[in-house]
Structure formats: structure tokens, C-alpha cells
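One structure is given here, and the rest of the page talks about it.
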Amino acid sequence: MKVLVLFSVLFLTLFSYSSTEAIDEFDSDAEDDMLSLMANEQVRAKACTPRLHDCSHDRHSCCRGELSKDVCYCFYPEGEDKTEVCSCQQPKSHKYIEKVVDKAKTVVG
């Protein structure tokens, strides 16, 4: 009976060791594959639309200002046909906040 317990403990120890080695090898191979894929990956950032330019093609493409991102506003100009015109603009609240921050920067130093 003692021999059976001894062999079962030995078997479990060897089994856990071998399974850990296999998992470690699998993880290292997966890490190597991921690193090689990341090395081949190219950055594909979209070009942003500058302030006061047309953003009707992509309404989420406006560039960032100093503190916040500009917003694409769409409107219908007066006296023209019913075509919608969109442009990237800075919200008034953000404009005021940037002015306050600029004043604070000049006061503080």
C-alpha cells in the first residue's frame, strides 16, 4: 500500500512537471509569434481633418485642438439649395476653457 502511494505521488509530480514544461513551451512559442506579427504590423492612422475644413466624408475625423477634439458640425446654408455642409469646428465651451487655461498659464508662469 505504501509503495502504491509512493508511486502515485511520484507519478503526479512527474505529470505536473511535464505539463508545466509543455505549457511554458507553448506560451513562449505564442509570444514569439505575437512579437513577429507586431514587428510586421504597420501603423495605419487615418489623416485627421483640420479645423474649418469639410468633414462630410467622415464625421469622426476632426483633429484635436490643444485640449480637446474638434467636432464636426453640419448645417444648411441660407439662400442655397438644400445641401448639407459640414465642417470641423471647436465648440464654444472648449474655446472659453482654452482661453482660461491660456490666461492661467501666463499668470502662473
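Any Cβ shown, glycine's included, is placed from N, Cα and C.
Some features that Swiss-Prot has for this protein:
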- 1-22: signal peptide (SIGNAL)
- 45-88: region 'Knottin domain' (REGION)
- Cys48-Cys63: disulfide bond (DISULFID)
- Cys55-Cys72: disulfide bond (DISULFID)
- Cys62-Cys88: disulfide bond (DISULFID)
- Cys74-Cys86: disulfide bond (DISULFID)
- 89-108: region 'Linear cationic cytotoxin domain' (REGION)
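Known features from Swiss-Prot, placed on the structure.
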residue : record         : contacts (Cβ under 8 Å, 6+ apart)
Cys48   : disulfide bond : Ser61, Cys62, Cys63, Arg64
Cys55   : disulfide bond : Thr49, Ser61, Cys62, Cys72, Cys86, Ser87, Cys88
Cys74   : disulfide bond : Ser56, Arg59, Glu84, Val85, Cys86
Around the Cβ of Cys62 (disulfide bond), the count of other Cβ atoms that are within 10 Å: 23
Fewest other Cβ within 10 angstroms of its own Cβ, chosen from the disulfide-bonded residues Cys63, Cys72, Cys88: Cys63
Number of Cβ atoms other than its own within 10 Å, given for Cys86 (disulfide bond): 18
Helix, strand or coil at Cys62 (disulfide bond) [DSSP, three-state]: strand
